[in-house]
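Novice: Take a look at what TrEMBL says about it:
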type	residues	note
DOMAIN	21-189	domain 'Thiamine phosphate synthase/TenI'
BINDING	Gln37, Leu38, Arg39, Ile40, Lys41, Asn69, Ser108, Lys137	4-amino-2-methyl-5-(diphosphooxymethyl)pyrimidine binding site
BINDING	Asp70, Asp89	Mg(2+) binding site
Amino acid sequence: MNTPAFPAVPQRLGLYPVVDTVGWIERLLGAGVRTIQLRIKDKHDDDVEADIVAAIKLSQRHEARLFINDYWRLAIKHRAYGVHLGQEDMDVANLDAIRDAGLRLGLSTHDNMEMDRALAARPSYIALGHVFPTNTKQMPSAPQGLTQLAAHIKTLGDYPTVAIGGISIDRVPAVLATGVGSVAVVSAITHAADWRAATAQLLELVGAGDE
Ligand SMILES: Cc1ncc(COP(=O)(O)OP(=O)(O)O)c(N)n1
Ligand SMILES: Cc1nc(C(=O)O)sc1CCOP(=O)(O)O
Ligand SMILES: [Mg+2]
């Protein structure tokens, strides 16, 4: 039997900040961000549940698309917009349960093999990383660079795509020129001297995503 597809997301998810606190979620939704991820690493479900509930409530109030990284059971339990998972997570997460609950799914990829594996699961979007060197996360692979990113975007056609990894404001125009539908950033916002100005500039360049 064919694998059923996950629910669709807009083809262009726009600016996509990836943040680790409810405070950042609140600030960025207030600043006009409409696609966002809560990425809290390596905690027990019990220790993150309250934050996940609070983040989901904020996203609903702002009519925003909130993806929960890693904690797929809590995302289902509290009806988040979506879940973001990595390749290793795919081995342990119950993808059928995520799909049956109506949640969208984003999957990380870093090369052709991971892309094929991700596409077989028919996720809502494919994330492609890391485009440039990043200090935010230790990466086992080399950065894929703009040429490889552009080739992947071409292969994926109309599939919703997200670029991530080392994307600073000055690199955004070149990233967008590949045709990618969304730009995910951590440090370009959270380490900016003026996060409001950085977010406004990024929203101007990337947009908040399609409705
Ligand atoms: C939009 C987006 N793309 C990639 C990632 C990385 O996810 P993952 O491979 O699960 O690694 P961790 O973020 O869990 O360290 C992401 N979070 N978001
Ligand atoms: C969380 C994450 N995942 C990546 C991937 O390639 O899968 S790169 C990354 C960190 C992105 O942070 P920054 O915007 O500060 O470089
Ligand atoms: Mg993960």
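Glycine is no exception: its Cβ is also placed from the backbone N, Cα and C atoms.
These numbers come from a predicted model, not from an experiment.
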Novice: Work out the three-state DSSP category of Gln37 (4-amino-2-methyl-5-(diphosphooxymethyl)pyrimidine binding site).
Specialist: strand
Novice: Measuring C-alpha to C-alpha, could you say which of the binding-site residues Gln37, Leu38, Arg39, Ile40, Lys137 are within 10 Å of Asp89 (Mg(2+) binding site)?
Specialist: none
Novice: Kindly state the mean pLDDT of the domain 'Thiamine phosphate synthase/TenI' (21-189) in the predicted structure.
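Specialist: In the predicted model, the domain 'Thiamine phosphate synthase/TenI' (21-189) has a mean pLDDT of 98.
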Novice: List the residues of the same chain that sit at least 6 positions away from Lys41 (4-amino-2-methyl-5-(diphosphooxymethyl)pyrimidine binding site) in sequence and have their Cβ under 8 Å from its Cβ, in sequence order, or write 'none'.
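Specialist: Within the chain, Lys41 (4-amino-2-methyl-5-(diphosphooxymethyl)pyrimidine binding site) has Cβ neighbours under 8 Å at Asp20, Asp70.
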Novice: Per residue, counting other C-beta atoms within 10 angstroms of the C-beta, which of the binding-site residues Leu38, Ile40 reaches the highest number?
Specialist: Leu38
Novice: Can you go through the binding-site residues Gln37, Arg39, Ile40, Lys41, Ser108, Lys137 and pick out those with a C-beta less than 6 angstroms from ligand 3?
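Specialist: Cβ under 6 Å from ligand 3: none.
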Novice: Which of these binding-site residues (Ile40, Asn69, Asp70, Asp89, Ser108, Lys137) have a C-beta closer than 6 Å to some atom of ligand 2?
Specialist: Ser108, Lys137
Novice: Relative to ligand 1, which of the binding-site residues Leu38, Asn69, Ser108 have a Cβ found under 6 Å from one of its atoms?
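Specialist: Among Leu38, Asn69, Ser108, near ligand 1: Asn69, Ser108.
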Novice: Please identify which of Gln37, Asn69, Ser108 has the densest Cβ environment, defined as other Cβ atoms within 10 Å, among these binding-site residues.
Specialist: Gln37
Novice: What whole-number value in Å do you get for the largest C-alpha pair distance within Gln37, Leu38, Arg39, Ile40, Lys41, Asn69, Ser108, Lys137, the residues recorded as binding 4-amino-2-methyl-5-(diphosphooxymethyl)pyrimidine?
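Specialist: That value is 16 Å for the farthest Cα pair.
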Novice: Out of Arg39, Lys137, which of the binding-site residues is least crowded by other Cβ atoms within 10 Å?
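Specialist: Result for the binding-site residues Arg39, Lys137: minimum number of other Cβ atoms within 10 Å at Lys137.
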Novice: Fewest other CB within 10 angstroms, which one of the binding-site residues Asp70, Asp89?
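Specialist: Per-residue Cβ counts within 10 Å for the binding-site residues Asp70, Asp89 bottom out at Asp89.
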